[in-house]
Structure formats: C-alpha cells, structure tokens
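Just below is one structure, and these are the notes that go with it.
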Amino acid sequence: MFLEFSPLEEHYGVDEAMIPYFGRHGCKQHIKVPMTQVVAIAGEPVYLPCDIATQDEDDAVLLVLWYREDLGTPIYSVDAREKDFGIAERWSDESVFASRAYFLPERRPAELGVDRVRSTDQGIYRCRVDFKQAQTRNSRVNLTVIVPPNKMVITDDKGDMKQAIVGPYIEGDSFTLKCDVSGGRPRPWVKWYRDEVEMDTPVTVLSGGAVRGVLRVGPLTRTDVRAAFTCRASNHLRSHPIETTLTLDMNFPPLTVHILGSNQPLSARRRYDLLCQSAGSRPPASITWWKNGHRINNAKETLSTDGNTTTSTVSLQLTKSDAGAKLACRASNPQMPSVAPLEDDWILDIQYVPETVVRLGTNLDPRNIREGTDVYFDCIIRAHPYVYKVEWRHNGKTLIHNVGQGVIISNQSLVLQGVGRKTAGNYTCVGFNAEGDGESKPFSLDVLYAPTCRSSQQRVHGVAKQERAHISCHVDANPPEVSNSRMLLQFRWTFNNTANSNEVSDTYISRAGTTSTVTYTPHTEMDYGTLLCWAHNRIGKQRVPCVYHIIAAGRPDQVHNCSVVNASLTSFGIRCSEGFNGGMPQSFLLEVREILTQELVANVSSAVPRFTAIGLIPGRTYAAAVLAYNAKGRGDPYPLRASTLRPPEKHHVHDKSLDLPRTAFQMSGAMSAAVGVGGVIMVVLVLFLIGVKQKCAKRKPRSGPPPSSQPGSPDKLREKDDSESDDRNPDIIPSDTDHLQLDYYRKQQVSTISPPPGSRMPRGSVAGVRGSIPAYCPLRTAPPQHQTMIDSSLSQTQQGIPPPAGFGSGSCTLPRGSSAGLTAMAAGDRCIPLQHLRTLPRPMATPTPLPRHPPRDTPL
Amino acid sequence: MDCEFELGDDTLYSVKWYRDNEEFYRYMPKYDPPKHAYKMDGVKVELSKSDERRVVLHQVTLKSSGLYRCEVSAEAPSFASAAGEGRMDVIYLPREAPRITGNEQENRKGDSLFLNCTSSRSYPAAVLSWDIDGEKVTDPNLLVQYPPIQHAHGLVSTALGLLVPTGRTMQVKCTARVAPAWREGSEAVVGNSQLADSKEAMLLGEREA
C-alpha cells in the first residue's frame, strides 16, 4: 500500500521547509504549492477554489482530484478523460463531503462547493488538475470552519442565573455580572455593553474551556435604573453573535411627598378630598394618612401613567375638635420596609360655625322670674374665626336694642328690664362668622304671673229656666295649676244679681287646669245675673274677676247685612252677618222661593250664614230668606230678592223694583220690632231697665242692613251647600211681584230686637270690665212651649231646624242688653233676679213664675 | 532516481515526478507514449533510461538541486495516491588548493609576519582555517576575516588573514573545507618563509528518497 509513502506534512505546512538546505546561499528557490485561506461558518456553504483553466486552446482537463491532506485517497474527483467535462464522472467520498459537495467548473476559478459545512470539515485540501498536455497543477485550500459559541450563562454575585432582569438593587449598590460562554471555535470573544456602549470586560478562560467576561457595575445611582446590560459573544465577524440583555431593576425610596394645598384653613361644615402626592419611588410609593398618629383608612390611590407619582385621595369631614391636630401623609416603598417613610405634615386649622350658648344671669333663678323682674343673659361663644356680629332672638324674631322698651344689648349680653308675660319665650343668641350663623339652643324664659281672665271666651250664656248650664271660667296663669299641691291654682265664684252677691258652693265647681266650670240651673228670674270668677296661684290672686252673664236663652237674632254675591245664570250666593245666637249655638238656613207661586226652590242650611243657591232659571228674580236657628227655635228670617243673570240679549235692570220694597220692608221691620214686643213680663222688664239706664231705651234696636243684592256683585267667599235642590224648575216670574214679596216679608217678621251689629262693645263704654264683653239691652222672653230642659232633647233640637216663629205665635224673645246696661250690671247694679243656686240640680216640673223681687231667704 | 511503489489490486493511472512541485516527468501507461518529460532548467530527463519506477537525469548542474518528489496514483475510481520525495544537491569543488601569500621582509624586520590564504572558486563556499605548528589558530586577534568573493555561475571564493608571531621558524598551514559534513578539504603547508601547495578531494554526499 501507499501509506508508508504518505507525504510529509511539514513540507506542506511550513514554508521554511521548502528552502533547500543551502537555500540561504543558493541560487534558486523552491516553488510553493499555492495555498488559499478560506473561512466558513459552520452550517453555511463554502466554496473551495481550484484553477482548472488551460493555457493552450487544444489542451484539456483530464481529471480533477481533491485530496484532504490527512487522507491518501482523493475525497472528490471529476474524471473527464473519456467524457466532456460538463458531463464528466463525479465522485465524492461518502465519509467526507458525500452529497454536500459539487464541483462548479464554470466559475473562474472553478470551485468545489460544500453545503452545510461542518466543524470536522476544517483542514487543508489539495486540488490536483491533470491536463491533457500541460503540467499537472496542484493548489491548496486551508479551510477554517468557524463554530459559533452555543451557550451563554449569566450569573450574579450570588451565583443566580439571570435571564432578563437583574436586581432589584438600591442606590449605592455595586455588583458584578459574569457572562460564561461555552462552545465555539475558535475561542469566542466576550464583551459587555451598557446601552450598546462597550464596557471594559476582563476575560478569563475557565477550566472547562468556557470564556468568562466580567462586568462590574456601581455604585448605582437613580439614573442607572433600567440600564440595559448586554453580554455579546462571537468568534467571527461574519457569524451572528449570541447575546443576552439584562435590564437593571432598582428600588428607590420616595423622593418627595406633599399634601396638596396644605396649611389652609378648613371648614368644619364641608367634606374635603385631600390629595397627597409622592414621587420618585420605585416600585410606586404606598401612601398612608394619619391624624394625630391614627391611621385614616378610606384613602384611595391612583398612579400616574409613568408610574412615578402616586396620588392618594382621602375624603375627610373634619370637626372643630380636629383643630391643631397633625394630619400626616406618609409615603413609603413597600419593597423597602427598612427605609423610614417620607412624611408631610399639616397642622389643621379648622374653622366652624359659631357655637353659642345662652346663659341666664348667675344670680337669677330661672324658675322664679316674675313679671317686672330685670333679666339678663350672656351669650357664650366659641368660634373660629371669631364672630363679627352677635344677634339676639326672641321666639325667632330678632331683638333690637331699645332702651325705651327695656331691651338693652351690649357686646354679648342681653338685658330685659321689667319682663312681662309677653317677654317669656325662647331666647337664642346667634353668632356670625364666615362659616355661617350659629344659633344657640333656645333658653326658655318663664315669666310667672298671677291669674288673669282669658280673653275670647264665652261671656254670655243664654240659659232657659230649669236648664242646666255649664259656665266655664278660663284664666291665664303662670304657673298654671297642674298639681294637687298646696300651691294649687284655686278658683272662687260668686253670683251677683241686682239684689245681692252670693258665693257659689264648691259642690257646683269643677276644675280642669286653668278652667273652672260651674254647673248652673236658673230656676227663677232672680237666677239670671252675673257670675264672677277669681283664681289665684302661688304668685298671687287674680285682681280682676272674669264676668259671665247668665241670660235667658232664646231664639237667635235675625241675621243682618245680607247681600247677594256671585250671581250667575243659574245660581247666586248670599252672605250675611250673624246676629246674637240667643245664648246657644246657632245654625243658618236659606230658603229660596218663586216669587209668584211661593214654591220653595232651594233650602240650604249651613253653620255660617253663607250660601249658594244653584239650579235656578237664568234672568229670574227669587225671594230669598236667611234665618238663624238654635235649640230654642228659629230667628226672624231676613228677606231679600236675588236674581240670576239674564242671558245677554234679554238683560235688563230690575234694580229699581228691588230697592223699593226692601226699603219699605226695613222700615216695616223696624216698626214691628218696636211694637212686636208682647207679654206682661216683657213690658215690666223693659220698663225696669229703662228706669235703671236711659241709654238702653234710647238705643236703636237695629241698624238696617245695607242693601247689597245687586246681581253679579263680586265676592270671593262663595259657599255651596250640597243640600240645596237643583232639580227645581221655577216658573216664569211675573213682571210685577212687588206686592207679593212685601206680603211675604211681612209674614216672616217677628218681634225680635237685634243686638248691636258685630256685638262689639262701643267705644268708651268700658267701666270696670276689661275685654270685649257683649252688652245687651233689656230683654224679655217666654220659653217656647215645646222647649224642654232635658239635655238629650236639647241636643236633638240642635240637630233639627225648629219651625219658624210665627207672627204672634207667643214664642220667646231673647234678652237684649246694651253695652251701657252691661256695664251697669258689671258695676254691681242688680238688674237680674237672683237664682236660688242651691236648688239648681233639682229639676223643676213646671216653670217657676219669675218673682218680682229677689228672695231674701237665699241660704248662700 | 527511483520511485518504488506497490499497487496492490489497483492498476496504475500515473506516476508523476516533480522538482519543487513542478512536474517534469510523468508515466501514464494508458497514454501513448506513456512517458512524457517537461523541459526545466537544470533537469534533463533521459527518457530512454526512464520508466514507471525510475527517472534518469543527465548533465546535472548546480541548478539541478531541489526537492524531488514522485506521486503514484491508481486508476479510477479511487485514484488512490501516494508520494515520496528527497532532496538532491549538486556541489562544485575547488579546482586548486588554497594559496598562501605574504611579505618575508616585513616578517624579518618586524616582530610579526602577515599572511593571506585565499580559496579557489567553489559551491558552496569553502571555509578556511589556519594551523601553526599543527595547532589550529582560534585567537580572533590573529585572524582577519574578508567578505566572500562572488564569481560567475554562482561560484564563490573566500580569504582569511593570519598574523604570525616572529622569532622562530614555524610551520603554518591553511586548510579549505567545502560541505564539511561530507568532505575533507586539502591543506596547504607553509614552511618558514616557504609556501607549499596542497591537494584537494571531492565527495558527494547523497541521501536516497
């Protein structure tokens, strides 16, 4: 075999070997076999040059042989000895290039292409070209196969492998990163880059052949965060380096923390959303709120888009007690628990609505302030900012400094001189500042006083003989009677008539609060008179008694001042003023009749003398009558004419025809009142009263009601009565109805004397009695035959409407008194018979005739 | 030069001879004629005496020196190849003995005698040395070196001077040596004020490929 003749590698690889032994001095040099350096990246194709060009045109390539120098046998051949070169026989050693190799003769120089070159392909190759004529040509290729490094491992100081992130570190830290690269031929270089800037990288070769590049970083500052450290390793410019990039993660404590808008005064009234911002922490700061060291929990955090700023919002409603408190906002990095949190403080300045308290003067006993005392108050104020104004209020109404009225306001004090019962009530003081008005709780000033008679109570009681009446005395007193102690409010009653004055026995007196009630039954004429009532409490005795007139009860008086209001096509309204109720509750009745036929077309009752008649015929005039009634019977009707509106085309005036009969009627009414008084007793009484006071007799018994029945006169007070009938269809009214109407009114007349209009006390008539007490002229009445003294029948008759009192029917008339007469009675004149009061509870079988003189044997 | 090989079961494709990697002779049995020589400077193949295992050069010159290599390749498909090589050098020995020249009178009058020894032309250059009374002079203070003298065809001659102490009669000898590993140079003996010629011999050292 040829193996022992293997070529000597030294002669090919080392050029010095080509020099002949005497080369330095010799005259010729050996011709080297040319060698081309080729570098290939593993896995890529490589092309090995081999010049096969011929020198002469008639020469030709016979054979191309490729040798690898460590092998004696060719690894690739192109045999063109018997074929054209293009189709020449090609052969490739299966153990070397196999199918990866292909000869490219058309290239200049021709090349042997090798695909997917392997690291084992590295070596020196020789190409031998045999020509038909020319000398054999040998050339060599030194193929270097670059194998890129295949593995990179980065470890930190702790030996932990790092792949994308290194850290987190904190400011001031230093650290090293080791980048170990294994694999690769030739040995790769390893370099560290920071943000693509090459860093000084000491390199050592490890025992296993790996190459280690070390990077030293630090001391770190905030600006180093997110720095990108790249370890890059390669062994040839043409091969892609392998690399790993690590991003530096760092933790920072917060740099700043601020409560936004701090150190401003806050209002206690309002809810505030307070903001605290912290910047510079990484990861983002966590913010907590504290008030005087106590954690506030309802904060909400938001993070800015760049993640640098944390904003915490806390919603606070602060109170006055928070003034001076330390509100703190603390920012900390949750990843750095050992770093003290950053804090911003705010000493709270709380402004609030003034808080005020009314305090009574210290030497005053609030439970024992009597009328006439001087009282003073202080307004105790807590306010921030301090008040600019202080105001005092009495029952909600602002008090004004008025020395004349005894109201003295100075600074924060209120002085009330000579307090009265009207001075009592709730006192408040109000402090004003920028936060608002602070009104104190009310101080209830209680002013004590002796009893006085309460105004607006029933002063006149119409009572029939044998009728049991309950006369109530209402007083104002402070303290009012509330308990059964010795300080009881006590009442005393006396009965006065013309003859004498008697104390009322306690057995007839009952008491409820500040009201005392006497049960009273007149039996004789002498039992009509005046009841006086005194009360006293611990403050004192009532100075002026309450006065109640007991008069004989009767029918109510005629209403007056009637007028037609709100006439329409089918309705009209009527309003009247009520007259004396006869001493008992009264109701009112309206009757509307056809003038011609006297047919009743409407019948309406009401508690007040206001009516509306509906369902009438347009343009017609009706005869209306208004009357009052009570349990004693009916009062006299008040007749008037009322018309519905006429349709526009038929409208004409009836006023004249209406005015005339009314005037006549009123005159007639007056006359009949003057002459209609009948009965012996009545006459006696009248004469008696005339004798006592001339004024009573002189007084006109009635003032005529003003005619105001014009149709369509406006009146806002319109009342409807459901009971009035609207299904009537009155006939056409005759053109001349004056005579008939006059007749009607005449029939309705009774001999009633009306009290003064409005029952008001005339001016200048006060003499010893305070308050508005109606006064009456002399009266006479006879109880109606059907009247009973039984309570149940009384209530029954109150419900129904008594029959109209007919002319000359003998029905009773009410007692009449003028103001002058009343004044006289109150002054002590006896003009009413004394009743034997002890016999009051006993029911009388028959009415006792009125004695002419008061009995002397009254056992009171 | 012979190139010995064994083909085994293979048949011979070619035997190629290179001097310094340049082909000068090939033997390819399938071609007609199977022997072919390329003309090269210093290499003249005697085709009639050359065959598949031997190449014969005639009229070798100094230019014939070089690395000779034979490469034997088997026929397709393996084209298995083997090669062997060896170096051949051609030398030119001096035609004359080194010649000693000097000044007698100066030697008598002064206290020393100065002699020059010059070699004849050779390749490679001759190396000169002096002996005094049979002892080689190594004291560099007594020897004077001269640059070699170039002659045509690459031949070189050299010279070496000697300071001879006076006072007595000495036998001096100048020896020229060429390719000392393979040959002995002849020497020229110089008696007191007399010069004697010396003879030379030539040997060719060769190593077989």
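Keep in mind that glycine also has a Cβ here, set from the backbone N, Cα and C atoms.
Annotated features, as they stand in TrEMBL:
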type     : residues  : note
COMPBIAS : A:715-741 : compositional bias 'Basic and acidic residues'
COMPBIAS : A:844-853 : compositional bias 'Pro residues'
DOMAIN   : A:20-144  : domain 'Ig-like'
DOMAIN   : A:149-247 : domain 'Ig-like'
DOMAIN   : A:253-340 : domain 'Ig-like'
DOMAIN   : A:354-444 : domain 'Ig-like'
DOMAIN   : A:555-648 : domain 'Fibronectin type-III'
TRANSMEM : A:670-692 : transmembrane segment
For a three-state summary based on DSSP, what are the helix, strand and coil counts in the domain 'Fibronectin type-III' (A:555-648)?
1 helix, 50 strand, 43 coil
Could you tell me the mean pLDDT the prediction assigns to the domain 'Ig-like' (A:149-247)?
92
Using DSSP, break the domain 'Ig-like' (A:149-247) down into helix, strand and coil residues and give each count.
3 helix, 52 strand, 44 coil
I'd like the per-state residue tally for the domain 'Ig-like' (A:354-444) from DSSP, helix first, then strand, then coil.
6 helix, 51 strand, 34 coil
Per DSSP, how many helix, strand and coil residues does the domain 'Ig-like' (A:253-340) have?
3 helix, 45 strand, 40 coil
